[in-house]
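The next block holds one structure in the form of structure tokens; read it before the comments.
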Protein chains: 2
Amino acid sequence: MITMKTINASDLAQRDAFFTSLDKRTGETNQRVTETVSEIIRTVKEGGDQAVKNYTLKFDGSLPEYYEVPRDVINDAMTEADPAFVDAMLNAIENVRDFHQRQVQEGFIHALPNGVILGQRVRGLERVGLYVPGGTAAYPSSVIMNAVPAKIAGVKEIIMVTPPCKDGTPNPDILVAAGLCGVDRVFLSGGAQAIAALAYGTEEIPKVDKIVGPGNIFVATAKKLLYGVVDIDMIAGPSEVLVMADETADPKFVAADLMSQAEHDVLASAILVTTSAELAEKVQAEINRQVQYLSRKEIIEKSMNEYGAVLLCNTREEATVLANMVAPEHLEVLMESPMELLGALDNAGSVFLGAYASEPLGDYYAGPNHVLPTSGTARFFSPLGVQSFTKRSSYTYYTKDALHAAKDDIVLIANKEGLTAHANAITVRFEKEEK
Amino acid sequence: MITMKTINASDLAQRDAFFTSLDKRTGETNQRVTETVSEIIRTVKEGGDQAVKNYTLKFDGSLPEYYEVPRDVINDAMTEADPAFVDAMLNAIENVRDFHQRQVQEGFIHALPNGVILGQRVRGLERVGLYVPGGTAAYPSSVIMNAVPAKIAGVKEIIMVTPPCKDGTPNPDILVAAGLCGVDRVFLSGGAQAIAALAYGTEEIPKVDKIVGPGNIFVATAKKLLYGVVDIDMIAGPSEVLVMADETADPKFVAADLMSQAEHDVLASAILVTTSAELAEKVQAEINRQVQYLSRKEIIEKSMNEYGAVLLCNTREEATVLANMVAPEHLEVLMESPMELLGALDNAGSVFLGAYASEPLGDYYAGPNHVLPTSGTARFFSPLGVQSFTKRSSYTYYTKDALHAAKDDIVLIANKEGLTAHANAITVRFEKEEK
């Protein structure tokens, strides 16, 4: 039996107690995990591939079929796959590519009449590492959402690391996704040791500039510890969906969408913000009806009873304020004229508007990225995108006359800051003339 | 006496030993500092302004003249300032604004003929905190480089925190910079306690979404620990300049530019990469001549003797390879036809081309940002810019027909991933019709 707690949004104490419970989902750093991972990182940095393989033996009991998966094995996986799956993936890739191509930011040049040239270059990172979890969390859609924007950004080489299946073979769905998305090399290696190998490079695994992709606490901790040695994507915390709904919403749809988020994780949060108490009741009934035939029923029950909630409010405006306060990863608007609310929704990773923009549509298919800021960080973080795989740099060319015209200002500010060598670098260029 | 070590770039052992010594400048996290700062954060989170003031009393011995600097004190500082300084600052602000306005990235909408709407919004963060160090490291230019791009990004409120001068009064140059750049509020508070106040908010200091600006190890550690509660800019490590020069370069200019970086910090690194052994010798002589009249002579001597180097190579191409390996914060090209090299320079925060684009020109004046990725992180990090102060979010509107057309693909992928509640969220929308 699932009972989402019902909170009257005007009861500030109750409301804030619920928000605080959401914040608490973000676990403290685990000291023991940090120590274990630190040692793995040190060992792999020094020991290279042999160290990686030793850890695989230690943790998994055996070595996988391949260390690097040969190209023809990837090609065979694509040929042998269910054609309907390949088609579905190709359609998803096309949509994701089409959306992300619109994110491309070009560099610029600003050439002044006096000969001064200023500009900015934007380029793809040289090499990116993509972690793909194994087991039940082997998600081909995750390959699409990471590899497609990297390719569009101009990343020259994508190196995937992923643990093998229990029998030591590569997961065929992941290979299909890797093949279709243009991943360059695939290594059957998982855990913190694979992250360390990507960060420092080994004899066989190339050193990368950035590591992306989800993973368990060992993978996440390794990424956190190696941040700065390489760049990383965000550390994903427990995720949320917040559905804003009024009396026009179909309770079946609302119930299904809340559960599609809740099935991810017992820490996931599904929140209904509604102006209609009647709708809320119907949604609760629908949840208990639909959950019966869902395979991840237990996870859904746990997360909805613990972190699910119905927030009752009086107006659309109040609902908007609540959504902005939660700053959810996914925000659905099942209200009349949903587009009219877009401009007021300040904090959300991805916004789904109307009765047919169900969250799973975004997870797989529509085009926007599904790697989104979680746990309220949409206040300041952004979805993964093309710019996550680029670096900018600026450039400056000055003429002698232009520098001469700027000289007094620069020297004055430099001296104010007590940096006389800065001032000297300008004045020395005009030494002869002014002596 | 300054002697930059001379390394023949083809001697790989010697070259790599030098590169390793540069990497080692990045200090280990200091355990004792981390503990102290963690306690300060906890105390300020609970105790608010009183806790901030208690720490100020404890560390500085007295409270400053104001907690929040009144608006008329800021206005008076601008009126009473040396008009030449105000003019120089205004000119710098104009250049920085002009450059950064070109970085603005607009959102987009992609409306399809079938009624589907996809898009991306780009908006400024709501509120940003700017830390400005006090004492000898009180740099008005730092206010410009942080506040101007924030304003262009559309940040609604900039809150500055800065320690007072020794006598408890605000630093007038910093107030002038704050006033000219449109900083909204200024609090006389420094150290980790000021960072914690910005992250959580106190009775008087508003909670912000992102904290930027340089600071000592306590400030940097507080930012690192609070990353996730708020966004932060990069943690700046020891900085570098790398000058590529051939026989056409003026040794006086090269020497002066190397020292302008070296004066920042005993850990700063100044590297000359040159095809001309003759130039290298003249540069060393010039350094020892010019350093005599520079106020930060001791810092320059230390950093150049320890982390300075001349890398001798044979061709422009070799010099380019070396520059890309170091991935310096600042890269100067004092070679013939410098613009021709731009496209080959992959890794640098800011590139200065030609004899008159001296690094201090970029620190204060030309327009590009001076907050740059340090210690080789230009391989994957970017300069501070307008996009550092924005967040993106995506949005999706779908019609019933469009979702119906996508249904089978989505359901297939969801089932492959074992996420049946995801599949259910799509199928439930067409339940009646297909039963």
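The backbone N, Cα and C atoms fix where each Cβ goes, and this holds for glycine too.
Listed features, source TrEMBL:
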type     : residues                                                             : note
ACT_SITE : A:GLU329                                                             : active site, proton acceptor
ACT_SITE : A:HIS330                                                             : active site, proton acceptor
BINDING  : A:TYR131, A:GLN193, A:ASN216                                         : NAD(+) binding site
BINDING  : A:SER239, A:GLN261, A:HIS264, A:HIS330, A:ASP363, A:GLU417, A:HIS422 : substrate binding site
BINDING  : A:GLN261, A:HIS264, A:ASP363, A:HIS422                               : Zn(2+) binding site
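Sequence-ordered, the extra residues of this chain that approach the NAD(+) site, with Cβ no more than 8 Å from the Cβ center of A:TYR131, A:GLN193, A:ASN216, are A:PRO133, A:VAL161, A:PRO163, A:GLY190, A:GLY191, A:ALA192, A:ALA194, A:ILE195, A:GLY215, A:PHE218, A:VAL219, A:ALA222. For chain B, the nearby recorded positions by a Cβ gap under 8 A, listed in sequence order, are A:ASP363, A:GLU417, drawn from A:GLU329, A:ASP363, A:GLU417. DSSP assigns A:ASN216 (NAD(+) binding site) to coil in the three-state reduction, outside any helix or strand. Annotation note: A:GLU329 (active site, proton acceptor) sits in a coil segment as assigned by DSSP.
Considering other CB atoms within 10 Å as the measure, the emptiest surroundings among the recorded positions A:HIS264, A:HIS330, A:HIS422 are those of A:HIS264. Other Cβ atoms within 10 Å of the Cβ of A:GLN193 (NAD(+) binding site) number 28 in total over all chains. A:SER239 (substrate binding site) carries neither a helix nor a strand DSSP state and counts as coil. Of all the binding-site residues listed here (A:ASN216, A:SER239, A:GLN261), it is A:ASN216 whose C-beta has the fewest other C-beta atoms within 10 angstroms. Counting every protein chain shown, the number of other Cβ atoms lying within 10 Å of the Cβ of A:ASP363 (substrate binding site) is 27.
Taking the C-alpha positions, the distance from A:TYR131 (NAD(+) binding site) to A:ASP363 (substrate binding site) comes to 18 Å. Of all the recorded positions listed here (A:GLU329, A:GLU417), the one with the fewest other CB atoms within 10 A of its own CB is A:GLU417.
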